[in-house]
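Structure record follows, encoded as structure tokens.
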Amino acid sequence: MAATDVDVFCNAVRVLEPTFGGINLEDIKAPECFEIEERLKKEMNIPVFHDDQHGTAIVSGAALLNACSITNRKMETVRIVVNGAGASANSCAKIFIALGARRENIIMCDSQGVIYKGRTAGMNKYKEYFASETEARTLTEALRGADVFVGLSVAGALTPEMLKDMAKDPIIFAMANPEPEITPDKARAARPDAIIATGRSDYPNQVNNVLGFPSIFRGALDTRSTQINEEMKLAAVHALAKLAREDVPDKVSATYGGKSFKFGRDYLIPKPFDTRVLLWVAPEVAKAAMKSGVATRAIEDWDQYRESLEALQGPSKVFIRSAINRVHQNSAANGGELPRIVFPEGTSTKVLKALATLVEEKICQPILLGYPERVKEKIKALDIPLLNDVSIVHPSSHPKYFSFVEKLYSLRQRKGINLGEAERLMADPNYFAAMMVNQGEADGMVSGSSINYADAVRPILQTIGVYKEGIPAGLNFVLLEDKFLVLADTTVNLNPTAEQCAQIALQAAKIVEYFGIEPRVAMLSYSNFSGAEGTPRKMKKAAEIARSLRPDLMIEGDMQADTAVNPEIMERLFPFSGLKGGANVLVFPNLESSNIAYKLIQQIGKAEVIGPFLTGVRRSANVLQRTTTVDGIVNSVVFTALEAQYIKEVLKSRGKK
């Protein structure tokens, strides 16, 4: 805004109401920023928020809470030196007080030194508020014995020598931009015991207002709040502090070059690109707005509100949440019973991290395979107390181990397996898990995070088996903003026959129907309706077979991929086709084409790819890719649990176990 006069600025902003739902002020210097914000908050009935002040204060408050926790300090006794007396420094000091710090334990400095009682040079009413009863007159003197340095000043303001007289485990927030008051390497050289944060993303612990602003305003706007008050700011502080103590998803690590993060000295607060910040902060801000009386719109259903926030983060969030809700609904209809899902890789870090989410979300009853002592040690090392009471089974110590051996022998004795070989295989957690599912000791299984796909799927096919007329096949869901696609077969059959392609298409269509979507199936090839020798003829035949088995479905082929998904091409060039609206089930002629297609989409497309999921087997079992993430495991288990519930209901309706 081209305005240097406070009155002109305020008058211009004031007329934006009510068209604007809130006002964020940026890059306004002190002391004018204080007057502008105070006036606008009084004169307007929408949130007015100076992010440079309050955003920085909220994020630094969260970081300070966690730094104090790590160093066993209490806010009530911590001694803080704030260097800089501008907008951000003023707000940081105030939020520290709101979090429990004592005003008399805070010393504020500016370019002229300590702001003390009786000082007249360079003072104003905002600095006067923090004037201290102290003999210290310089930053060096103020830092003697101090626990915390909070810098919102200029590069180089803090020297290594100044740090030497600070208390044990000093907390150093050097937040000047673009260069901090002291670089982390210099600070750590002077004080190896220090906890260090800056405002920059290339150093650990980035304390920057970019982390909080979107989520804070989201909570305020969703409740039509008239202001962002202290209660809402403190709610954001505590939400950020708590989130930092949670396990960090793989996708956050991937954003930062694959670096792993764990709560501690180098990870005090969440990363700016952690999408969970919105889901944690906005609801707490909204609750505080309602509780403190500034909200004009109440949120009644908090689960639904969180789902609406997830929906803002992409179609996969909506899809997975709908599946989770269905698991919960099915569970509630069965007296709260959750599917029992067995995991052969009981000491896998990724699996255990995924289970923390799954147990918290009440998706399944997990059964971990492995030596109990080793599994418990791993859970303890990963600090996942939610899994302390999880069921752990060691295969060869299980009371049904030998009956499982006999069962495997009976299943495979005419396929080259003798009794000794069956016993050896049953000691393999993957075979044991599959047999648990076969014998009803578990409702489903998920494996493969640490072994080849073929090695993981083999025990499932040999032990659980394929249902009558079923074809084992891998499916992937592709989610775009306006489109949902199922790709098959992406993992199992190298060069399926026309009959197999037809059955795979019907299996995929059934899954799409389960989610309340009308399946539109395309049999893909390199030609459009030619039936030429090779894959076109095979896929044309597959379409004919599938239509004969399910005449109620829209099934067409052979056709090219662009024709399949673009209804405009189909209607213009092939108006005779019975496939209307674009295909949502794409059946590929062989494994090469499907696997290449879905992995290319996954890496360079703008779509989100979920899966693969195994279909065609008698019970619920899925195999992960070795490259899968924690989120990928969570997604796989959600669908395994959902499928297990579906199979259980089908068998119950047929009077089978």
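Note: Cβ is positioned from N, Cα and C throughout, glycine not excepted.
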Among Ser69, Ser111, Ser225 - the residue TrEMBL places in the same NADP(+) 2 site as Ala85, Ala87, Ser88, Lys127, Asn177, Val207, Asn209: Ser111
From Asp5, Asp7, Asp52, the one annotated by TrEMBL with Glu26, Asp27 for Mg(2+): Asp52
Listed in TrEMBL for the NADP(+) 1 site shared with Thr56, Ala85, Ala87, Ser88, Ser111, Lys127, Asn177, Val207, one of Ser153, Ser253, Ser260: Ser153
Binding-site residues (Thr56, Ser153), the one with most neighbouring Cβ atoms at 10 Å: Thr56
Between Asn595 (acetyl-CoA binding site) and Val207 (NADP(+) 1 binding site), the C-alpha gap once rounded to whole angstrom: 42
Asp27 (Mg(2+) binding site) in three-state DSSP notation: coil
Cα-nearest neighbour of Arg412 (acetyl-CoA binding site) within the listed binding-site residues, Ala85, Ser88, Lys127: Ser88
Binding-site residues near Asp52 (Mg(2+) binding site) (Cα-Cα within 10 Å), from Ser88, Ser111, Asn209: Ser88, Asn209
Of Thr56, Ser111, Ser153, i.e. the binding-site residues, those within 10 Å of Ala85 (NADP(+) 2 binding site) when Cα atoms are compared: Ser111, Ser153
Mg(2+) site shell beyond Glu26, Asp27, Asp52, criterion: Cβ within 8 Å of Cβ centroid: Leu25, Ile28, His50, Asp51
Binding-site residues near Ser153 (NADP(+) 1 binding site) (Cα-Cα within 10 Å), from Glu26, Thr491, Asn493, Lys599: none
